[in-house]
């Protein structure tokens, strides 16, 4: 701005030189350089990195509702000053964030095709605000591609829900959470049958409990595809979506750029392979498993395995069907979608901003930094992320003030 940074740096270095013996730095030059760099970095960070998210929502009432009851989406997001870049945030989050202790109760439910789904319940029976289990608000959580109820981001969402008195259920994708595959079928982002069965099951157990869902990454894509298919015909009151890939063609293309392949794609492919190798005997009946295990990219894996399993003629047909950007116009309940525009799994240019503006039920919150399920903030970002705060405020807003979304 209008301030002369050289003057400021000089003032600072003079002040510090009087505080510190010059001999410590040999001369004032080292100190001036360090200070100059520090001031320049701080200016760059404050002018270019720390920004208010972009809130895309055509519905003025939904906007006002968010501003009042979920104010975090209108506040400046200050990403961790030493790791704000998208790839760095994405890589570091699993290592940095803490893992809150959660005691689950596991339930296996059978599906129409003879398979089974593993649900992990956090009942929150000690809930102070909702001692009556039949009306205790319930959040269904959907983890990412190879994720389970043990992911740190899921544990943090449960931790947030616990303090608010809510019950959570984690929908583990088939064959992922240590349970056996009873049929040669796993899961994909396009097929919503298992999710429909789970939602119906939870709702039938607690028909009087307010009910919403939150999906992360592929879990968010699955949830959006379900909402696009069902419209208003769902027991869910609202949904929160984090780091969803909006257009699968754009996602796989981004992940095939050399650096992204090296950092993410190869690792993700090996995760997918190891998640099915346990079930090799069951899957060998339908697939050339040697070919599947030779895949070096997610696209190759999907071509040999996922698209074949779900009966798609080509991988493009599968990717078309799996892309939530096409279903967004049919979503019939309030959804809040958080994405960072520097997410290599869901590139900024592929976020369906125009489509979102055409649906009164949709609000997009777009940060400039945060990566894929990163959203780290604070100097040492172990505890709470920006994403956790968005989750907590939005879920609480819906459960406590949901009747106001469309009546404001």
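Including glycine, each Cβ sits where the backbone N, Cα and C put it.
Keep in mind that TrEMBL annotations are predicted by a computer and have not been checked by a curator.
So that you can see what the record holds, here are the features copied from TrEMBL:
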ACT_SITE  217  active site, charge relay system
ACT_SITE  343  active site, charge relay system
ACT_SITE  372  active site, charge relay system
DOMAIN    137-378  domain 'AB hydrolase-1'
TRANSMEM  20-46  transmembrane segment
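Sequence features, as recorded in TrEMBL, placed on the structure.
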| residue | record | Cβ neighbours (10 Å) |
| --- | --- | --- |
| 217 | active site, charge relay system | 26 |
| 343 | active site, charge relay system | 29 |
| 372 | active site, charge relay system | 26 |
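Across the residues of the domain 'AB hydrolase-1' (137-378), the predicted structure has a mean pLDDT of 96. Distance noted between the C-alpha atoms of residue 343 (active site, charge relay system) and residue 372 (active site, charge relay system) is 5 Å.
Note: the Cα of residue 372 (active site, charge relay system) and the Cα of residue 217 (active site, charge relay system) are spaced 8 Å from each other.
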